[in-house]
Amino acid sequence: VLKHLRHLNFTNNMGEQVDFDEFGDLVGNYSIINWHLSPEDGSVVFEEVGHYNVYAKKGERLFINENKILWSGFSKEVPFSNCSRDCLPGTRKGIIEGEPTCCFECVDCPDGEYSDETDASACDKCPEDYWSNENHTSCIPKQIEFLSWTEPFGIALTLFAVLGIFLTSFVLGVFTKFRNTPIVKATNRELSYLLLFSLLCCFSSSLFFIGEPQNWTCRLRQPAFGISFVLCISCILVKTNRVLLVFEAKIPTSLHRKWWGLNLQFLLVFLCTFVQIVICVIWLYTAPPSSYRNHELEDEIIFITCHEGSLMALGFLIGYTCLLAAICFFFAFKSRKLPENFNEAKFITFSMLIFFIVWISFIPAYASTYGKFVSAVEVIAILAASFGLLACIFFNKVYIILFKPSRNTIEEVRCSTAAHAFKVAARATLRRSNVSRKRSNSLGGSTGSTPSSSISSKSNHEDPFPLPASAERQRQQQRGCKQKVSFGSGTVTLSLSFEEPQKNAMANRNAKRRNSLEAQNSDESLMRHRALLPLQ
């Protein structure tokens with residue numbers, strides 16, 4: 001049929017020529033008719049509102065006079081003839097089950113997708129670093145979060161870190177200025193300097209956790225924190241262990257001073273720190289930390305964090321630090337009865353308890369937080385542990401140095417040390433006395449009571465040159481001390497005097513006479529040597 005239509009032409013009954021083109025389409029002119037309702041009788045009236053002329057120029061073939069068009073009788077507004085409205089940007093067309101395809105519902109684009117055209121059949125997905133806006137008509141960059149220097153939380157942590165650095169520097173300045181005083185010397189001056197330096201490193205290492213994480217900061221912050229804390233705890237461990245071994249030595253000789261000399265102390269600190277350095281080097285070589293953009297925690301936020309590379313390595317780093325802290329706690333507990341001037345045990349014990357509480361709490365907090373709060377939790381742990389060590393170990397000494405200079409004298413140190421020696425000797429004497437009394441009671445059946453043992457440094461002879469009571473009290477305050485020690489089975493009164501070489505010979509003879517009476521205790525000579533060895 002198409003073959004014949006291409007060559008067909010004829011005249012219709014209206015006298016119009018009808019032709020078909022080479023494609024089989026009808027070639028002709030058309031009149032556009034609009035059906036009107038007659039206002040008189042309601043009949044249909046055919047009104048010509050335009051025409052189509054195929055022989056006219058292109059663009060002029062169709063003509064419609066829209067002012068003549070009437071809809072639904074007498075309305076000039078075009079009626080809505082679809083079963084569904086157009087879908088606006090931000091939505092897409094959804095199929096309605098059981099309805100033809102021309103009938104659809106408008107569905108909002110899901111989060112992360114957008115549509116910027118009308119009647120979109122599908123929504124487009126936003127790029128990885130972008131997210132859809134509120135209307136889902138376009139994509140906007142995602143919000144980037146990390147522990148910033150400018151946010152209030154970051155500013156607060158920075159201020160605390162700077163405060164810790166300032167306080168540590170102040171303590172170091174005090175110790176340097178009063179380096180020749182007995183309190184500073186008795187606490188192992190050189191190791192105290194190294195300990196304060198390590199605390200400075202601890203406070204400074206917390207600053208690496210603040211700011212936008214970079215690859216170099218991620219690789220530096222954990223080793224810096226781990227090595228600083230191990231150096232700090234190693235110094236405390238060596239200090240405590242040294243004094244403990246000196247006072248616990250059975251036969252104190254120059255060998256102990258040589259064995260626990262300054263060089264060996266620094267060597268032990270280096271060896272303890274070297275183990276942590278090896279752990280950090282292996283970690284950085286096998287699984288180095290790096291900066292990581294996390295898109296998975298929240299859809300519209302990118303968290304820039306540090307990917308630690310190996311949680312096992314981080315566990316070894318913290319675990320080794322806690323192991324040294326546990327050993328330090330053990331030695332501090334053993335040395336809790338040493339003389340007060342040498343004994344930092346109760347302060348070290350308390351600081352280690354704070355250390356353990358902080359890092360035990362850190363583990364669940366670190367595992368349960370995400371994003372920038374991971375860095376914040378670790379910064380808080382570092383600052384809390386550092387402030388605990390600084391306050392417990394050094395604040396008491398700084399208080400004595402600055403506000404109680406009367407306690408920062410060689411006589412005070414010697415008095416405390418000698419008192420410790422006599423306490424130990426008195427305990428041993430009372431113990432032997434109790435054992436002998438029990439033996440005598442069991443063998444001889446004695447029913448009499450044995451008087452309590454006592455050790456007194458008071459002379460049984462009168463001083464050939466007595467002084468008035470007020471002058472004598474002043475002389476005792478200036479030249480010596482007096483302590484009274486009570487036990488379960490007796491009381492020991494200690495009266496110790498320290499003479500200067502320039503005093504007269506009579507005072508020296510009196511001191512020798514008093515010391516000779518003190519030597520009646522069989523353990524006094526040994527314990528005095530133990531007590532004075534740290535001062536040497």
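Even glycines carry a Cβ here, placed using N, Cα and C.
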Seminar exercise, completed: Of the ranges 69-107, 498-536, the one TrEMBL annotates as region 'Disordered' is 498-536
Problem set entry | Chain residues in Cβ proximity to the transmembrane segment (153-175) (below 8 Å; excluding those fewer than six residues from its ends, i.e. six or more beyond) | 147, 184, 189, 192-193, 196-197, 199-200, 202-204, 206-207, 210-211, 376, 379-380, 383, 386-387, 390, 394-395, 398, 401-402
Seminar exercise, completed: In the domain 'G-protein coupled receptors family 3 profile' (153-417), averaged pLDDT is 82
For this session: Give residue numbers and ranges for long-range contacts of the transmembrane segment (266-285): same chain, 6 or more residues beyond its ends, CB-CB under 8 A.
Result: 190-191, 194, 219, 222-223, 226-227, 230-231, 233-235, 237-238, 309-310, 313-314, 316-317, 320-321, 324
For this session: Could you pull out which residues elsewhere in the chain have a CB under 8 Å from any CB of the transmembrane segment (223-245), counting only those six or more residues past its ends?
Result: 187-188, 191-192, 194-195, 198-199, 201-202, 204-206, 208, 256, 260, 265, 268-269, 272-273, 275-277, 279-280, 283-284, 317-318, 320-321, 324-325, 327-328, 331-332, 334-335, 338, 342-345, 348, 351, 355, 378, 382, 385, 389, 393, 534
Exercise. Taking a Cβ cut-off under 8 Å, which residues six or more beyond the ends of the transmembrane segment (191-211) line up next to it in the same chain?
Worked result: 146-149, 154, 157-158, 161, 164-165, 168-169, 171-172, 175-176, 184, 217, 220-221, 224-225, 227-229, 231-232, 235-236, 238-239, 265-266, 269, 375-376, 378-379, 382-383, 385-386, 389-390, 393-394
